[in-house]
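Down below is the structure, laid out as structure tokens.
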Amino acid sequence: MINTKEDFLLLIKQIEQKSGYKKPKAFGIARLDRGQLNKNKILQASFALINYEQNFGSAAIMLEAFMQRGVEIDFNASEFVQTLKLEDIDFALSCFKPFLEEDGHQNIDLLKIIKDKFKDDEFSFVCLFEDKEPLSVESIYLKLYLLSTKKVPLRSINLNGAFGLLSNVAWSDDKPIELEYLRANEMRLKMSNQYPKIDFVDKFPRFLAHIIPEDNTRILESSKVRMGASLAAGTTIMPGASYVNFNAGTTGACMVEGRISSSAIVGEGSDVGGGASILGVLSGTSGNAISVGKACLLGANSVTGIPLGDNCIVDAGIAVLEGTKFLLKDAEELAKLNPYFNFDKEIYKGLELKGLNGLHFRQDSISGAMIVALNKKAVKLNEALH
């Protein structure tokens with residue numbers, strides 16, 4: 001029986017000293033949306049609280065709850081997912097007895113809510129021991145939450161194989177519906193006027209279905225940001241041609257009116273113009289993830305296919321690709337901004353210029369030549385809008 005905080009700390013020590021025990025890197029409890037036809041198929045996992053490299057005592061109590069009822073836990077595996085039973089919650093709350101009347105213990109508060117709302121097979125405990133290729137839908141969602149809540153940096157977590165594990169489903173008011181269910185019940189649903197309004201069909205939900213952004217972040221259309229994106233405070237996502245994919249986003253306040261593809265990152269103070277595209281790792285970059293530096297301007301309908309440093313401009317309507325050849329101007333001034341780069345020729349391929357600062361990519365309107373020169377303009381966002 002745990003009656004004091006000293007008892008609790010002793011229990012945690014005993015659990016963590018068990019042979020093979022490993023502290024998880026991340027853990028949380030998810031509410032599950034299961035398939036309408038296949039109840040074993042997980043369509044979505046929603047987390048209200050994510051723990052990342054913290055609250056190890058809470059993790060130890062939950063893992064001990066499962067071991068108490070005979071669940072085998074492989075601490076050498078990369079992840080552990082277990083459906084919650086009411087007895088698990090009761091055991092955990094009994095261990096947390098010295099803290100039950102105190103404020104500020106979010107994991108305890110969450111358990112109290114789940115106990116009140118408990119239904120069989122609706123909640124799962126999910127933890128990651130190592131960052132390896134995900135093995136379950138629940139662990140994919142945990143990783144997407146880690147990205148979207150900015151607990152881990154973009155491109156720092158393994159999502160290989162996620163597409164293969166997630167089901168392609170219909171989404172109605174942010175709830176997933178099996179396409180097989182709709183086909184099997186189409187006549188009944190339509191003839192009884194119960195056919196759901198389908199908002200979209202995809203493997204990923206929308207960012208705003210799971211994440212509450214900062215007060216100074218604006219997203220003008222929910223469809224424009226996929227779950228797993230990361231938006232820094234002060235970012236504005238305009239309607240129209242804007243889009244931010246999973247494992248992509250901004251690291252500071254930005255204006256986004258174009259497309260930030262998967263694995264692309266945009267730095268603070270940059271402006272992605274209307275219809276501009278930043279290529280992702282699957283769209284013409286030879287697998288090279290693109291980062292756009294601080295205070296850059298990607299003109300309307302431009303295409304950026306190489307990493308950019310700070311204070312760069314890509315003029316409207318042009319494509320800066322790895323193989324695009326550019327005539328270099330202002331070499332002496334550019335060398336001062338990029339002292340570790342040797343500007344020793346007149347013609348460069350785009351890929352050779354990756355990551356350099358102060359570049360202005362443009363096209364000569366008479367000759368048609370692609371030119372890269374010193375950026376002599378300051379890119380500054382309207383502070384009133386961010």
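Placed from the backbone N, Cα and C atoms, the Cβ positions cover glycine too.
Residues Arg259, Gly274, Ser277, Asp315, Ala316, Gly323, Lys349, Arg362, Gln363, Asp364, Ser365 are given by Swiss-Prot as succinyl-CoA binders; from Ala233, Ala289, Ala295, Ala300, that same site also lists Ala300.
Mapped onto three states, the DSSP output places Arg259 (succinyl-CoA binding site) in strand. Take Arg259, Gly274, Ser277, Ala300, Asp315, Ala316, Gly323, Lys349, Arg362, Gln363, Asp364, Ser365, the residues named in the record as contacts for succinyl-CoA: the widest Cα to Cα gap among them comes to 26 Å.
Sequence-distant neighbours of Gly323 (succinyl-CoA binding site) (same chain, 6+ apart, CB under 8 A from its CB) are Lys349, Gly350, Leu351. In this structure, of the binding-site residues Asp315, Arg362, Asp364, the smallest number of CB atoms within 10 A of the CB marks Asp364. Note: the Cα of Glu257 (active site, acyl-anhydride intermediate) and the Cα of Ser277 (succinyl-CoA binding site) are spaced 10 Å from each other.
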